[in-house]
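Asks: After the structure tokens below, expect a handful of questions from me.
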Protein chains: 6
Amino acid sequence: MTASLRPSGRAPDQLRPVSIERRYTRHAEGSVLVSFGDTRVLCTASVEEKVPPFLRGKGEGWVTAEYGMLPRATKERTQREAARGGQGGRTMEIQRLIGRSLRACVDRAALGERTITLDCDVLQADGGTRTAAITGAYVALIDAIRGLKQARLIKKDPVHGAIAAVSVGIYRGVPVLDLDYAEDANCDTDMNVVMNDGGGFIELQGTAEGHAFRRDELDALLALAGKGVDELVALQREALDRP
Amino acid sequence: MTASLRPSGRAPDQLRPVSIERRYTRHAEGSVLVSFGDTRVLCTASVEEKVPPFLRGKGEGWVTAEYGMLPRATKERTQREAARGGQGGRTMEIQRLIGRSLRACVDRAALGERTITLDCDVLQADGGTRTAAITGAYVALIDAIRGLKQARLIKKDPVHGAIAAVSVGIYRGVPVLDLDYAEDANCDTDMNVVMNDGGGFIELQGTAEGHAFRRDELDALLALAGKGVDELVALQREALDRP
Amino acid sequence: MTASLRPSGRAPDQLRPVSIERRYTRHAEGSVLVSFGDTRVLCTASVEEKVPPFLRGKGEGWVTAEYGMLPRATKERTQREAARGGQGGRTMEIQRLIGRSLRACVDRAALGERTITLDCDVLQADGGTRTAAITGAYVALIDAIRGLKQARLIKKDPVHGAIAAVSVGIYRGVPVLDLDYAEDANCDTDMNVVMNDGGGFIELQGTAEGHAFRRDELDALLALAGKGVDELVALQREALDRP
Amino acid sequence: MTASLRPSGRAPDQLRPVSIERRYTRHAEGSVLVSFGDTRVLCTASVEEKVPPFLRGKGEGWVTAEYGMLPRATKERTQREAARGGQGGRTMEIQRLIGRSLRACVDRAALGERTITLDCDVLQADGGTRTAAITGAYVALIDAIRGLKQARLIKKDPVHGAIAAVSVGIYRGVPVLDLDYAEDANCDTDMNVVMNDGGGFIELQGTAEGHAFRRDELDALLALAGKGVDELVALQREALDRP
Amino acid sequence: MTASLRPSGRAPDQLRPVSIERRYTRHAEGSVLVSFGDTRVLCTASVEEKVPPFLRGKGEGWVTAEYGMLPRATKERTQREAARGGQGGRTMEIQRLIGRSLRACVDRAALGERTITLDCDVLQADGGTRTAAITGAYVALIDAIRGLKQARLIKKDPVHGAIAAVSVGIYRGVPVLDLDYAEDANCDTDMNVVMNDGGGFIELQGTAEGHAFRRDELDALLALAGKGVDELVALQREALDRP
Amino acid sequence: MTASLRPSGRAPDQLRPVSIERRYTRHAEGSVLVSFGDTRVLCTASVEEKVPPFLRGKGEGWVTAEYGMLPRATKERTQREAARGGQGGRTMEIQRLIGRSLRACVDRAALGERTITLDCDVLQADGGTRTAAITGAYVALIDAIRGLKQARLIKKDPVHGAIAAVSVGIYRGVPVLDLDYAEDANCDTDMNVVMNDGGGFIELQGTAEGHAFRRDELDALLALAGKGVDELVALQREALDRP
């Protein structure tokens, strides 16, 4: 019986309850509070009419991301990165992943010479903060793009397809979907999968924590991820259809 | 008619709607979302069983604060301090003020050799973030202290009295209470007042933005601040009385 | 008898011996060594024909301050901030206060697109370094402005009024003027007051170190500060009248 | 004809010429110059009889990695990270990957309370520096472990299996093995695969640069990676068998 | 006629007027204001009862130096190193030179496990700040050592001999002693020479600014330096003989 | 018998075996691996068509150097400066010396508005890294200049004469040439001498490690240095004559 396997009692292929709340704060062009269970990430999209130096004058836009964690989003207080004097390796790795993932669905020429920055700040962490961040940032991005279209600053929609992300892993020998912290801290393999709504892969990052994972385990994980992303994309659409 | 004076239509001596939501996140020993109108600050209290080096072995505890602002809490996106490589002067000034203010109501010997860190992170800014932070951090502090008492880690209550803070200023020649951003950006004098529930002053920080302020103006501002703090202390009590 | 109250034997309303020595170093446009008793601060005013980015092209000037302390200005050697990798919170707080205070007496449009930087470096510390710095920096500023006028770089005098600062506090229950280190380290309330020569307040920063201070104590402190600033302004004038 | 596909004229499933030179420098416990074509990385293994704070007293060792690139390893000179004031996000991401990969084959209890640091410094870059680094660092690690065994500092061999890494990608629509810079800069999908000699996966990091990659493309890439790692493991063995 | 050669009208082998003022500030164990003409450096010696980690438990003391320049010691304002986030290369080079030079006359075993830090802060710069700093720091060091002897913290005098420093250079083809800024900025060769009172060399740092210098020029420079150091040592003695 | 004096068995006036290998890496305009015995430094010359801000529009070029040491170039692993957050004092001192030395043989007007950066990275250290770096960087510089001439980017040869460097010191009372680590760590006096092929001095940096050195010792050291530089210049020429 699977109920006894996962600490949360979920079935192996079951996502945590996911909620996507748009317009969570009022200043940003897109502002989404996304929850994957107890993981809560505030994702804002900020539009600025400038591009980084390496793109100036090329007629292309830029999409980038920054990631942060409030000091007490975690069980033990984590030192504030601003107080420590800079972003750590984990933060940089995650924000680079979010940025690459979202750029994968944007036609930067159609965006025009402007930058959209996706700030993903974890208010509460319970595993899967980066996948929640990507899933929420996509919705914030769409809201920002809608604003640009309404203001007639862009003509052609620069976004093609939808992007969502989920983690999968092998927990006590069983492939499971959307790991929470209790599972993440004890799993053998942990993989973050970013996919589009056509079932194509955008990013795949798998790590063997305990023993190396076999090809058949990988296949099972990818199938779970595909199911999870399909459900997340449906939830994104639902949220974006709300007025 | 005063309604026409303030952009918000408030009376000169009227606070913005204030809400104090406890247990906003689940990991911290105290976690409060405080709102002064559109200003929203998440205040968490973290208890750690250690003290800074200068206090080791002295049998006293420590209370300190850190302050941060999410990049898009503001109208224009502000660069993330962690990405910039350190906390700026304004941040340091504010977190030092919050720390001093809260220490003013704590008997550090009764607290024992432990540190309570008050993290105040602004989710949305509309003026008065430091006064909202102090007011909310006090409630988070009390929740953390209650936890220590319940766990029988401390015997004597280390907190004496209540602490709250409010801004006052001279806007278009009129002394007003609890400035929002529209007022703050255009006022002549801006003062942050931290008081206790006995009407005593803890901190007073007044700045003449336009012209120097006269003694009679100062008197009027202090009276307004006293009224505001009384109301805030009542709201803190109400919040703390909720189960 | 008050002689027994203050460690220095001063009357409660008595300033320390104050000296203001102009042209202390020769390169700066204004260079003042100010002493409040054993506290000695070198204040230089540097004129540069440029403004910070946020003011470019607006036809306005800028006045800013930096503060530093030689490592052995203090009883115990303090680590050099340059060696520690940056300015600490206290330094930033003080230099922001000095800058705001001096800007309060300058018409920045009349100054034209140039920056005056007031560097206040403490050679010897015995309490009250920030108030000595403000009082001395004002004199250095005037010397720099006189140079600009002589060079016919500005027409209209951009300075209105005089600015001076003094600390006041409650020491052993008695309000006293101009605290030295022995008093500062043991006082209940400590307030720095920046005023102009018209008796108007520019900055007011009061902190309850021991217990909260009452309204009547505040009134007594403000009266002392007014007396002190009047005397300091007279000393500034005297110094500026010397050839 | 495949010769026309790849700029180097290699077959799609062909590695670049690989060389593994042990004892390249004399101070390190392991020192390997690894070349994947024109990519040359110096990998040293340093043994230190201490562990990071989080492991002290736990009877376990640690294996970690640092990565660097000489400023002129690249076509255009890259600014030195030490001069820029810190390691960038790409560097951190890569060194974390190398460290995780090598830890996957080490029994840290058998290693005992000591740290092995793998420094991977790129002397010349032509694509695939991180996979060359992992492949070379494994050999340097083995040399360091052999030294510990010879010195009788450890009894049980802490290393299980071999680890090697290779990049695969889709270049002009064709899955290819071991991308050089010319291919890497123009490919649609880029994947770094770390595997052990049993065909198990240690790390999988795939990124869609152009369009999302399909499941059948992923399968082809994984097959190529498996072939490449098999060849690399054979070359590692050969190098380690040399006296 | 030499009067026309040097901008200051000095003879080629003539020092600037040198003054050495002891007890310039009151907290430091040694505090000396040294002037070489318009170059004024405040040198303090601070005694701390601890040694750096690499010396702990070895029964030896340490002598080290730090160097700084007030922002407006120079003609143009120099950015404050603390504000810039760290000490620059020139500062590090100079403070390492001062530290090495002073250590050369100290028997560190006789000093005992304590550190003497020589802080050399330039109040006004007109060339030759590092040689003035070394010359003044020696006097501050002796005052600090005298204090240790008076307090009977050390028995044997740890200082052997005297140390002084002077610059020499080739200005318009002529070897000259003790360059001021006007000469330093236009000289062909610039050499800083640290010697002891026995005529031995402690440090020699010569730089060809224009063309390479010949052996006979070097000989002439060294002779000048010897003469200058002899005079400086006499002035140090005179200052130390004053009560 | 001198063979017994030096740990390496060299005669007092004997250089270590020196090799100069050009085109060691392929991207840089000049790339030289220089070995002085077991000291191996990779020196690359990078040409960039820009100059630092202080030279813009002046029609002059710039030559600068950076120095680094791989973490395990040394007996004990040295912490990576990029990981430590910046370059240390020793690094800055050395790279400033290399830059000044090479600029001494370059006519910057003839170079035109471009920068040549000499990166000197120590792969293996056994004493004398800075003198090996200068000697090797000269050869890399010439290769870069030859490339500029071949590309007809410059007309007049901007380099006059050759530059080489060697260390000398007093080891066990005997002046010796080209100290290796075993000697350097135990010598009384250590001097780095940079000279040109005409026997002129470019830089002279001597330090008394044990006792002060006398004038006759200095003379002996300078004679040794002259002999060493002559031999090094011949080796540079030989290397540059190879096709």
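Including glycine, each Cβ sits where the backbone N, Cα and C put it.
Here TrEMBL flags D:R90, D:G128, D:T129, D:R130 as phosphate binding site. According to TrEMBL, the domain 'Exoribonuclease phosphorolytic' annotation covers D:14-144, D:162-227.
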Asks: What is the number of residues in the domain 'Exoribonuclease phosphorolytic' (D:14-144) that are helix, strand and coil, as DSSP sees it?
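Replies: Going by DSSP assignments, the domain 'Exoribonuclease phosphorolytic' (D:14-144) contains 42 helix, 41 strand, 48 coil.
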Asks: Counting other CB atoms within 10 A of each CB, which of the binding-site residues D:R90, D:R130 comes out lowest?
Replies: D:R90
Asks: Using DSSP, tally how many residues of the domain 'Exoribonuclease phosphorolytic' (D:162-227) sit in helix, strand and coil.
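Replies: Taking each residue of the domain 'Exoribonuclease phosphorolytic' (D:162-227) in turn, the totals are 17 helix, 30 strand, 19 coil.
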Asks: Give me the long-range Cβ neighbours of D:G128 (phosphate binding site): same chain, 6+ apart, Cβ under 8 Å, in sequence order.
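Replies: Set apart from D:G128 (phosphate binding site) by at least 6 residues yet with Cβ under 8 Å, we have D:F36, D:T39, D:V166, D:S167, D:D178, D:L179, D:D180, D:D184.
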Asks: In Å, how long is the longest CA to CA span across D:R90, D:G128, D:T129, D:R130, which the record gives as the phosphate binders?
Replies: 13
Asks: Using the CB centroid of D:R90, D:G128, D:T129, D:R130 as the phosphate site centre, which other residues of the same chain sit with their CB within 8 A?
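Replies: Other same-chain residues with Cβ inside the cutoff are D:Y67, D:I94, D:V122, D:A125, D:G127, D:T131, D:A132, D:A133, D:N192.
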Asks: Restricting to the same chain and to sequence separations of six or more, state which residues have a Cβ under 8 Å from that of D:T129 (phosphate binding site).
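Replies: Listed in sequence order, they are D:T39, D:V41, D:M69, D:I94, D:V122.
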Asks: Where does the mean pLDDT land for the domain 'Exoribonuclease phosphorolytic' (D:14-144)?
Replies: 96
